[in-house]
Amino acid sequence: MSSDASLRVVVRARPMNGRETKEGASRCVQFYENTKQIVINESATFTFDAVFADTSDQESVYETTALPLLDRIFAGFNATVLAYGQTGSGKTYTMGTEDNVGTDEMRRGIIPRLVSALFQRIMNTEAPESFAVTVSMFEVYGDNVYDLLRPDKVKLNVHGDEKNCTVVNLTAVPVIDLKGALKQLAVGCHYRTKAETAMNAMSSRSHAVFTVFVEKTATAECDSAFSAKLQLVDLAGSERLKKTEAEGNRMKEGININGGLLILSQVIAALATKQKHIPYRNSVITRVLQDSLGGNSFTVFLACISPADSNSQETLNTLRYADRAKQIKNKPIVNKNPKAEEIAILQAQLKRLQKENADLKQGIAPAEVRFNDANNSAEILSLKEEVVRKTEQLKERAMKQSECIIRMSALTQKNSRLEEDKAKLQSMLTDVRNTVLNEEMLDAAEVVRSIQQVVGDTEESTTLADDDNDETALGGQDDTIYDTERLPELQAELDDLEKQIAMKDENRQKALDEQRAFIEAMQQRESEKTQLVVRISELETEMNKLRQEGKKVTTAAKLAEERRQKLKDLERQHAEDKKVLNDMKKLQETRRRMEETLKKTEDELKNLKTQRLRLLREQRAEASKFQAFKQKHEREMAQMKSKLQKRENDVAIQKRMTDQKLTVLQMRLTEANRANKTLRELNLKRANRKSSPTNASALQNMIEEELEHEMCAQRSHWLCEDLRRQRHDLMQNINTVESMKFEGGKRRRISASADPNVSVVIEGEEEFEVKRQKELTFLRASLETLNEEIKDSLRNETIAGNEERANSRWEKVPAEMRPAFEAVYAQAVAHIRKEIELEFKLARTKSEFTAKIASKASHEEKRKKEDEEMRAKYRELAQCLEDAKSGLHEKIAFLLCLIKENRVDENAIQQFESLKNQFCDVEQKVKKASRRKTTNFMGGLTPKPELQRNERARRAVKYYGNVVNSEDVTMDDSRHQKRKDHSLLAVEMNRTTDDNVKRRVAMSPIKCDDDTRLTEEDEDIENEAMNNATFVKDSFNSATIVLDDSQPSPSNSTFVIGAAPTSEADGVPPIKRKSRRTDLGPL
């Protein structure tokens, strides 16, 4: 890309975001970076200074676009980087407006990279202190300018003329490095107005301008001086309210942003066509960008676009604006300081005069040159003064050079002396080492003292040498450096000597410790020897005493012999008695062991009996649990089958709706194909038309063709919008199908060589996956067809919206007639657009209404099917109730007979309780099923409950015969005209009917409360107990007992089972189960 152009246009595309991918959008832009071209919708081609695809990185964009501006800034020119595009197209990311110090290097945008290169360039110059850099930042929000570097965001005024524009009282902060600049940028971004929209989570609601001022002053090394301004502009994105879904303040902000960008496009168009009047003053953003567009600046126009076809219209508009901006020509000039420029002119004149003076002295000046005497004398005097000053400077330099020579000689002498001192120190160090090695037991203090003496001598010699050369400061500095370098060597040698001395001291200390330990051991041995001598003397005394006593015992030896013989006899007799005693103890022990074995055997027998009983109880409990488990899983299987059936019904309904949508989609595709074909023919016909007609008939035909072309273009546009909406729905269906998971029963694969818990096979999963993949394939194929049709529509729409053709439409029409033709044509196009829009809205409404009707019909069908299933279930439960009642009445009659004969035990009472609970639960299920029966309410879809009074009356008559009048039970006012009147007779009739019903018969034999209803597990246990139950009968009466119908029995007899009188023979414990209220009494 050539960097000589004053305005360059660059286009960059961002990658497709998640929202566009989720909608199923496809790419509508192709990039050719080698030829710097962009093709949109396969029909329109644009060429720019540089093109960056969505795969380009930040560094390549910066190096191509912004880096060449750095040379312009240091040459004294103004520079601008301006980012333009749709909202959410990546302008802020490319510019790096939100970057800070912690941003990753790879993700940094143009602003931090360019500012960093600016400071690095300043530091590489000969005089960095001659540069002064200040930054400022402001935003244009709602056609007002606010300072972003102040917390209160002061509103500022904009002053200027046609050539220049200035923001009054704008804060300018001096910075010295990149960190300071990024800090001010972060402050400005913090106060910038941002908000969330449907297209961007952090959408910029204002235009932000970050300005860097660079000013250089002249110095002795460099006499150039200039000032430059770098403007980095991040414009707010253009947006459509339909896509951003903005409301309230967001909508007002969007309108203001679009208004400012519209004026900016008008300015670009005026500059491109080289109009005399440029509407800069129509908007604030165009006023502050006056230098950047057609003014004194090198400008880079960075257009950011989205590659998705859902944003193709916005992308096409952005590319058209960028293409217009290429035709703008800026006129940049160098911004120089007038004073610095005057100084440079005077210095050039001085050099010229000095050269002329030298030529005159040499006599080679031209003869025709004549000088003014006064001016020449003044110039000569000034030159003489300059020569004197230069001479003085040379003298000073010569004196400094002589001083340096003297110092060098002194340093040389000092170096020789130090070499001698070094030799002396080495000899002394050798003597010290020999002394230490020869005299190992030398006292450490003496060795250290001798080393200190050597070091002292060295320091003394060094001090003497310093005193000799004290008058030369440079020499003293070199001595200090030399002593500092020598000191570590001496310190290392001193450390070695100290280590050797410490080692010798340690050896000597060890020897002393060993000697001390030996002395202590000898002393301990002496004390032990003394104790042994005392002990030996004591033992000798005791031995003498024992000898004396032995002599006395000899005389009594005979008496002791007799006593010993007698003692032996007694001991023998004692041994015999002891043996007899031991035999008796053994017999007792044997008896005790036998008793313990017998007791242990009895305990084991009791334990076995107890265990047997426990096992029997556990067996019964496990059997009941297994039965409950079996019934529970059977219910779960039934529920799963019901859910599967329901799911299949939902899938069928969904498939039907999908088929309807696909049918509509196919119709739309056919219509879109027809419209695209017509539009292509019209485009070809219009392209083949060589020139605009001149006669009236030809002009009328052309206008009709143009209007027809506009109608087809608008129809194609609305068809494309409709196809996009259907593509969005299709993508939702694809996402739903992709997220579907199989729900079915599981069975484990059991093999002899593998763990049964390792692999689990899901029944029907493979069939489900195959079906899902087929559906996905079909939906994706439909999506591809939609994308192709949308691409074709966009291509035709782009061809139809060719601006060049529209501008040349009325070329052959006389100039005075063109406004009238344009006005009439614009009015006709507006009516056509409105008509097409209403037509498509009507079609969409009709389609939605048809879909709602189909949905209503499917729901109605589903409701009817559920009602039919509920009726079947109700009939099944009613039949179960009838069967249960027919069996339970016989058992209850038999049980009542047993109760009258007082032959009832606890088991019978419990079985009766189980029968009662089962009866109540069955009746509750039937009532619940009856309550769930629904009917339509006023023809709507919402089911409403219905009171089944007539049905209850019929059931009462069926169960209890004609003893109950159905009209008394139902209390149906429609059967009695008198009951509809609000009279005393009607009230009395209703009251009498109610009393009759209460007195004569109940609505059901047993009434149970909701709080006493059994759970499903308890119901299963009770059912199992009832099925396995048997009634207790006497052995002499094994036949079935039948109640005698001839015996009178009151219809409302009450049997109180829980409170029946008990006798000691019966021994029936009271029932602990919660009582139920029934017509038979409390149970």
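Cβ coordinates come from backbone N, Cα and C, glycine included.
Not measured: the values here are computed from a predicted model.
The stretch that Swiss-Prot tags with region 'Disordered', taken from the ranges 924-963, 1044-1083, is 1044-1083. From the options 16-43, 408-435, 744-771, the stretch Swiss-Prot describes as coiled coil is 408-435. Feature annotation (Swiss-Prot): of 238-259, 458-479, 854-875, the stretch labelled region 'Disordered' is 458-479. GLN86 (ATP binding site) carries a strand DSSP state (E or B). Counting every protein chain shown, the Cβ of LYS91 (ATP binding site) has 26 other Cβ atoms within 10 Å.
Ranked by how many other Cβ atoms sit within 10 Å of their Cβ, the binding-site residues THR87, SER89, THR92 place THR87 at the bottom. The average pLDDT the prediction assigns to the domain 'Kinesin motor' (6-328) is 86.
Of all Cβ atoms in the shown protein chains, 21 besides its own fall within 10 Å of the Cβ of GLY90 (ATP binding site). The ATP site is set by GLY85, GLN86, THR87, GLY88, SER89, GLY90, LYS91, THR92; from the centre of their CB atoms, other residues of the chain with a CB within 8 Å are ARG14, ASN200, GLY237, CYS304, SER306.
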